[in-house]
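A short write-up of the structure that comes next.
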Amino acid sequence: MSLLCVGVKKAKFDGAQEKFNTYVTLKVQNVKSTTIAVRGSQPSWEQDFMFEINRLDLGLTVEVWNKGLIWDTMVGTVWIPLRTIRQSNEEGPGEWLTLDSQAIMADSEICGTKDPTFHRILLDAHFELPLDIPEEEARYWAKKLEQLNAMRDQDEYSFQDQQDKPLPVPSSQCCNWNYFGWGEQNDDPDSAVDDRDSDYRSETSNSIPPPYYTTSQPNASVHQYSVRPPPLGSRESYSDSMHSYEEFSEPRALSPTGSSRYASSGELSQGSSQLSEDFDPDEHSLQGSELDDERDRDSYHSCHSSVSYHKDSPRWDQDDEDLEDLEDLEDEELPEEEEELEEEGEEELEEEDLEEEEEVPDDLASYTQQEDTTVAEPKEFKRISFPTAAPQKDDKVSAVPTEAPEVAKGIPKAATPEEKAAAERAQEAEPPKSEESFRSREEEEGQEGQDAMSRAKANWLRAFNKVRMQLQEARGEGDMSKSLWFKGGPGGGLIIIDSMPDIRKRKPIPLVSDLAMSLVQSRKAGITSALASSTLNNEELKNHVYKKTLQALIYPISCTTPHNFEVWTATTPTYCYECEGLLWGIARQGMRCTECGVKCHEKCQDLLNADCLQRAAEKSSKHGAEDRTQNIIMVLKDRMKIRERNKPEIFELIQEIFAVTKSAHTQQMKAVKQSVLDGTSKWSAKISITVVCAQGLQAKDKTGSSDPYVTVQVGKTKKRTKTIYGNLNPVWEENFHFECHNSSDRIKVRVWDEDDDIKSRVKQRFKRESDDFLGQTIIEVRTLSGEMDVWYNLDKRTDKSAVSGAIRLHISVEIKGEEKVAPYHVQYTCLHENLFHFVTDVQNNGVVKIPDAKGDDAWKVYYDETAQEIVDEFAMRYGVESIYQAMTHFACLSSKYMCPGVPAVMSTLLANINAYYAHTTASTNVSASDRFAASNFGKERFVKLLDQLHNSLRIDLSMYRNNFPASSPERLQDLKSTVDLLTSITFFRMKVQELQSPPRASQVVKDCVKACLNSTYEYIFNNCHELYGREYQTDPAKKGEVPPEEQGPSIKNLDFWSKLITLIVSIIEEDKNSYTPCLNQFPQELNVGKISAEVMWSLFAQDMKYAMEEHDKHRLCKSADYMNLHFKVKWLYNEYVAELPTFKDRVPEYPAWFEPFVIQWLDENEEVSRDFLHGALERDKKDGFQQTSEHALFSCSVVDVFSQLNQSFEIIKKLECPDPQIVGHYMRRFAKTISNVLLQYADIVSKDFASYCSKEKEKVPCILMNNTQQLRVQLEKMFEAMGGKELDAEASGTLKELQVKLNNVLDELSHVFATSFQPHIEECVRQMGDILSQVKGTGNVPASACSSVAQDADNVLQPIMDLLDSNLTLFAKICEKTVLKRVLKELWKLVMNTMEKTIVLPPLTDQTMIGTLLRKHGKGLEKGRVKLPSHSDGTQMIFNAAKELGQLSKLKDHMVREEAKSLTPKQCAVVELALDTIKQYFHAGGVGLKKTFLEKSPDLQSLRYALSLYTQATDLLIKTFVQTQSAQGSGVEDPVGEVSVHVELFTHPGTGEQKVTVKVVAANDLKWQTSGIFRPFIEVNIVGPQLSDKKRKFATKSKNNSWAPKYNESFQFSLSADAGPECYELQVCVKDYCFAREDRTVGLAVLQLRELAQRGSAACWLPLGRRIHMDDTGLTVLRILSQRSNDEVAKEFVKLKSDTRSAEEGGAAPAP
């Protein structure tokens, strides 16, 4: 991707001024940009546009359009090929291009233009160049260019030519060979954006590294801009060089710091503090003076060294000879031993398996930790791998280039597991590109064979794929997870289900904290010392720093003599030494030092900080006052002697730090003292100052702007820049040179606003400063060394000054005698690092000694008193800022960040560093990132340090249980501080670096905690048996060795899971009680205890689910074992997981795992319950069904049965299943168990119940009925306990159905029990009948006779009352209320029915036999009841019985004999009164049956209705019969023939008299057999009220032997005018005429006249039935009428309705 910058400047058009209103459009790669519209023939736009270009074979289309009223017209166009556009980092003056009028098209794309116009446009287009490649790399490319130029015999090209050539497009780094560790020399280890911290990068750079480097340079405040021009060379050659290098690059031996051959570590030039040690030139590195020589060479701005080419790039088809030459050249450069090692490495990689531990050489380990930040996967964690110790937040895998060198220092190195993992992730991120790129490169090699490098790449790919497969297997990605469950184990015996498992929490065991893990960590904690302590081995630098330290400490600034100022009066115009302003006033104008004579304003005296003694000595020596000088020198000598005598420990410590011998130290002390005495008299330096630019200046002009310029003064020499008009962010780029001979001088840089108005001219007359002051910065010369590029904040001069902004200066100082030394900041770094190394590693065995300091500035105290004084005095002497000191100490501590107490110190340090940069003051508006960029420590260096520290902290937090054991309060405090440090790093990235969305510290820690928990779970899972035995096994007998195959999960037992739950609980408890209070910085976002529970449960749930599925297939354990495990899992979930936000509103899965086993247990439980039921009933039977207690009316079998059921239900209930669906399944199954058990109980009781009733023991049947009722009561309670209305619908239905069945059983038992009293009741009622028959009197009873009626009623009731009284009293005592009411109901029915049948409606004639027959037909005595509203089969049954016995005909004779027992009205009154008494008795004052029930009882109503019928007239009874019996002839299923009749109904209009005319037409299909002649005739009867005086019957003539006779005879009946047709009916009867005997009935039919009431007439076929159908009401009317022997109409009616088809005789067959 390249950045194309296009500036549209102006244009010149041929035409009138007013004709044009134009705008410009730019099109490239489907992107279009447009300028504003400008009027005139010479418009000026001055607009810049930027495009991202990834194809250089296209072009930029520029079109100029003229705006119109309706549409726009094109003025002209020009097409610029992208290849022709120059590369530059600066804007050019632009180029005038002629516009053409037409575009040339090819394949629908513009490829040029034609037909020029007279219009022209000024455009400036250039590609941006990459910035800041390391100087070393620049020299390398320059060297390559020279070699290629020599090979091709080409001379230098001009720089302009070079600019005009296109820059090849660099490919994305996501697709280069750094994935596989090749071409690592192309990778810049110091690139901040290309850092390997994937978590950090994934949120800041979208996982795509930028195409160019931004490499840090030594002592750089901002970037080190090159001040030398780049070397001239062929752009073509340069491109080819890049191409070839990419194609044939080979792995190189790495330097000890891990920096590559050509890409410097970012700190190599200018005596860098990052230089680890001197290099040998043969090993492609720099040493000694060669470094200095190289420093003078030209640097070159190169593009990113991993540039690759597309096939359509301009130089793709270059001749191959260049490439071959380069290949030969590079082969020569590769040492032989490296080639051999390459081959060895290939073999090793092919044979290598993924091992548990790998030994890495120290230097390589150092390299790996510094440069390759891929995280070493802890060996004991086999389930998970976390590349940066924290899982990615999204599914994208960051494409992080991973360096994997094959050789270092001649030692072969195989790929470490970390690198394999990184390679795997990279391969997963972009496998297609990598393979395609690899294939394309292989094709380029040709068919002859591959060179060594290509073979190495192929081997790498093979090894990588192999490792990738192994990693997949190791992670269990194959189908191997289920094999876990096929391991054997001891079987468990039957145990009682423990619904409250005792998961022991007696102590939070440090399972993984203090116990040795299965493998040791391969990575040492701490950032590599190569980064933090780069100066330890630089002896030359150390020697120089040693001298400078002595110099700073022998006469420290803190001991300098202050000026002795006094008020002074100037006699001549005098100027302030500090601000150079005139000392105004007549007298006492300023201050003057009595010792050295310096004069200044009163306000400026504090700005003069030079040592008065040294200043006096300098002044005296210059003016020849030797005596005075000698005095001062003596004072200085004395002071240094006193210093040395009073503070000997300081100089001894300095000697020990730099390991200087005693004699050498003594000599050096003398030399240092002499240099101090010499002061500045022999000191001189050349200072070069470049005023680069300024930002954020104050606006002083009325226009809201300023015209700034800068004055620079060193000593008395003052220079100024040019003025930049109207700009608050001016750029000057002006260089000034000074010579300085006084180290106490200061550089005064002041910014002014130039004014050229009258006011300023007047001001100039009176003041030396006519311009407005914009700010200043004062720089001590003695603090300068080497080269510096620094932003300085502009300071005020007085309190009234309005100042803002900052100025950037590039300062180069060459001090005489110190031309080649490092800058003072680098020297300070050397001092600090060596001091830290000495105090920590030498004196304290690697443990950081933390000083005891308090107060606001405690963070600035890094060592104890002596060492702290050394660094402070050095910093003060040489101008090292306190923030630089802090950053340096932070870098030192980062190498020991795992030492006790260090994280807290680092956290405080970084917090103060953050505050320094992020908290801007009112005096400056420079952003935090700009302030940080101006840091002398080096922006990139510090960012990289933080990135690597961040990465390492994440790794260690991902093993917090190891690194910060809960048993150590000190380490827990370190853990807390470590998180604080992470938070400070995040704050730094957000506020100082100003990154958009750095990873939140809380999220990072959360990911680390999860990673640690993952590995902890894996560890306890794999070592469950051993850990449990060690911590919890108290029984020595159980501590025996268990075979390895039985230590894991088994399908034969469940012990493993119980132990695992115990261990999980201990882990969660440890996190909850130890780590949660410690990591409390993010209360809303991070709770370690909750995360622990969540992760542990998630992993446990996954394994448990698979295990239970496996167990479900085999079922080798007892159901009780599964239930016990279920309770433990339930407890674990409820105790730790249920309230977690993730699971709170979710139905957990664990009940589903155990559902089949719970159902199995319920199945088994039903069998147990049934066996228990039989046992309980047998015991109860033996005991005689005794009451369980005095107050309980039921026996113990009910209690036993429900105790067992309740226990079973309690177990189900205690499962507390949170899944409603599964609860429903359990309830359904348990409801079936309840139903089966209780119904079995009821069946057993029902079978034997009758036998208990037959004995003269009323108590046992009552107890059994009470038991049944108690079943119903307990069932209702259980229904409520199971959920009541909320219970599953199916289970609820089962229990309700069971309740109905038990109710029916109770009804049946009550009926059976009551029926056992029937013989006694019948006997009593017969006695009542006999007493009633003796009651005399007819007609209605007068009021005066009421008392006699009551007396008669009492007499009549006497027998039944005696029976009821004796029994009901007993029942009330031994029956439950519900049972008692049921028994009373049955007895009530029995009494009522018996009275009705025996007294009110006695049976016809042969009562006993008819009663017996009725019972035989299954209807019992109750069939005689009157049921007014309903129809039943009672009538038919009676007639059937009568027919079978031939007794119905006796009904016809009934009235002839005097056997009928017809009740008189008085007797009816007595019966009525007796009924009321019986009713009151059964009500029993509310204890018995309810009055409403008794009143509405159908039995009572039937009896009363029968009594009421006794008092009704015959006509009324006949009318009732006709109106109620509407189905006498209907429903004839088996007709015996049919009769055709025509009926007409006529009403006289005057009298209202009604007549019915009946025409008998014919009969048909008569079914009759007779031995004689068949003579059918038809008889028609009219039935109804008030017909006693009218003719009621007609008959036709008979027909001989005709089964379908025709009659056509008409008859007329007269009806009463008082009753309507609905009260009458016609009964048609077909008979066989017999001469000598009674006619035989063939069939009967009834036609009710109500059907003709509307129509008036009807012709119809009437089917003939065998008898008349009637209900109980009809039968009752018939029986009452049958007792009226003196009533002809009644007798005739009874005979008519009781007639049935006669018996047939065998004879002739019916006619067809």
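Easy rule for this one: first residue shown is 1, then count along the chain.
Just so you know, glycine gets a Cβ as well, placed from its N, Cα and C.
Residues or ranges marked as Zn(2+) 2 binding site by Swiss-Prot on the basis of similarity to another entry: C593, C596, C612. Positions annotated as coiled coil by Swiss-Prot, on the basis of sequence analysis: 321-360. Marked as compositional bias 'Basic and acidic residues' by Swiss-Prot: 193-202, 416-442. According to Swiss-Prot, the feature compositional bias 'Polar residues' maps to 203-224. If you look up Swiss-Prot, you'll see 318-362 marked as compositional bias 'Acidic residues'. Annotated domain 'MHD1' per Swiss-Prot: 1102-1245, in sequence order, evidence recorded as sequence analysis. The domain 'C2 3' annotation in Swiss-Prot covers 1535-1662. According to Swiss-Prot, the phosphoserine annotation covers S239, S241, S244, S255, on the basis of similarity to another entry. Feature annotation from Swiss-Prot assigns region 'Disordered' to 185-454.
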Cβ neighbours within the same chain of C593 (Zn(2+) 2 binding site) - under 8 Å, at least six residues apart: H563, N564, F565, K599, C612
Residues in the domain 'MHD1' (1102-1245) grouped by DSSP into helix, strand and remaining coil: 114 helix, 2 strand, 28 coil
Local Cβ density at C612 (Zn(2+) 2 binding site) - other Cβ atoms counted within 10 Å: 21
Counts by DSSP class (helix H/G/I, strand E/B, coil) across the domain 'C2 3' (1535-1662): 7 helix, 65 strand, 56 coil
Around the Cβ of C596 (Zn(2+) 2 binding site), the count of other Cβ atoms that are within 10 Å: 22
PLDDT averaged over every residue in the coiled coil (321-360): 42
Secondary structure of C612 (Zn(2+) 2 binding site) (DSSP, helix/strand/coil): helix
Secondary structure of C593 (Zn(2+) 2 binding site) (DSSP, helix/strand/coil): strand
